[in-house]
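Since the structure comes first, as C-alpha cells, the remarks are kept for the end.
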C-alpha cells in the first residue's frame, strides 16, 4: 500500500516541477520572438534561446513548399526549413502537384553565350600563363607569338583553322576543354564542338567557318568583348536561352541562332508527326534563321543611318 502512495507522491512532485518550469519558461520567454519554425527555450543558465520547434501540433492543413515538398501544415514547413538551414517558402495551399518529368532529349544540346564566353575565358587564361617576359640575355614570348605558335601547330597548311583544328588546339588544355553542363558525357563532348563553332563565328569576317591568323588573334584578344546576340522571330527579338516550340520539337536561342530538336512526334502530337516531315522541319529551322538574318541586316542599316 505504501508503495502505491510513494508512486503517487513522486508523480505529484514531477507535475509540480513541470508546472514551475513551464511558468518559469513563460516568464523568461515572454518578450522573446524567435520567428517561424523556431521556439524559445531556456538554457541551463536560465537564459532564453531560440531553437527549432521540437514538435508541431498535428493539425492537417497541407501546404506545398517552394522546394516541391508537401508538408502537413505551415509549422512543419518552417520547422523543416529551420532544421535543414534552408530557405523554404509556402508556394501554395494543398498538396504539391506532380511535375511532369522532362526528357533530356526534349531540349537540343546548345552552346549558350555563357558557355562560349567561359570557354574563351579559360583559353585566354591558359595562353596568358605561357607568356615569358624578356630576360637580361634572353628574349621571351609575348601573347601574339604564343598564338602564332599554336596556329601554325594545328593549321593543315592552308593558313586557316577550321572547327576540327580549333578543337584540337583547345583540347591541349584539360581545364579549358572541361565544360560539363550536361550529365551525359556524350552531350558534353558535343557541347565543346558547338562552343568552338560559336568562337569561330565571333571573328569569322568572311563567313567561311575558318579563321585566318588575324581572325584567330581577334577571337582570343583579351580586350575583345564578344557581342550579345539575340534571336529574331516574327518581328520580335529573343535573348539567349529563350525557347519556342513547333509540335513536339523545341527550339532554343543560342549565340544568336535558333537551334531545334528533330524528334518524331507521337501520342497527342501524332498529327504533327504526320504533317511535318524532316524536310518540313528543316524548312522551319531555315525560316527561323532567315528571320534572324533579316533582323541583323535591319540592325546594320539602322546603325549606318545613325
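Sequential numbering from 1, following the chain as shown.
Each Cβ is built from the backbone N, Cα and C atoms, and glycine gets one as well.
In Swiss-Prot this protein carries:
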SIGNAL    1-18  signal peptide
DISULFID  29-40  disulfide bond
DISULFID  34-50  disulfide bond
DOMAIN    46-98  domain 'Kazal-like'
DISULFID  52-82  disulfide bond
DISULFID  56-75  disulfide bond
DISULFID  64-96  disulfide bond
CARBOHYD  142  N-linked glycosylation site
DOMAIN    142-176  domain 'EF-hand 1'
CARBOHYD  173  N-linked glycosylation site
CARBOHYD  178  N-linked glycosylation site
DOMAIN    231-285  domain 'VWFC'
Going by C-alpha distance, which of the recorded positions 50, 52, 82, 96, 178 is nearest to residue 29 (disulfide bond)?
50
Taking just the CA atoms, what is the gap between residue 75 (disulfide bond) and residue 50 (disulfide bond) in Å?
15
Consider the recorded positions 34, 64, 173 and say which one has the Cα lying nearest the Cα of residue 40 (disulfide bond).
34
By DSSP, how many residues in the domain 'Kazal-like' (46-98) are helix, how many strand, and how many coil?
11 helix, 14 strand, 28 coil
Helix, strand or coil by DSSP: which one applies to residue 173 (N-linked glycosylation site)?
coil
C-alpha of residue 142 (N-linked glycosylation site) to C-alpha of residue 178 (N-linked glycosylation site): distance in Å?
26
CB within-chain contacts under 8 A for residue 96 (disulfide bond), separation at least 6:
64, 65, 68, 69, 70
Measuring CB to CB from residue 56 (disulfide bond), give everything in the same chain under 8 Å that is also at least six residues away in sequence.
72, 73, 75, 76, 79
C-alpha spacing of residue 34 (disulfide bond) relative to residue 178 (N-linked glycosylation site), in angstrom:
46
In whole Å, note down how far the CA of residue 173 (N-linked glycosylation site) lies from the CA of residue 52 (disulfide bond).
49
Local confidence of the domain 'EF-hand 1' (142-176) - pLDDT mean:
90
Distance between residue 34 (disulfide bond) and residue 82 (disulfide bond) at the Cα atoms, whole Å?
11
Please report the DSSP secondary structure of residue 40 (disulfide bond), reduced to three states.
strand
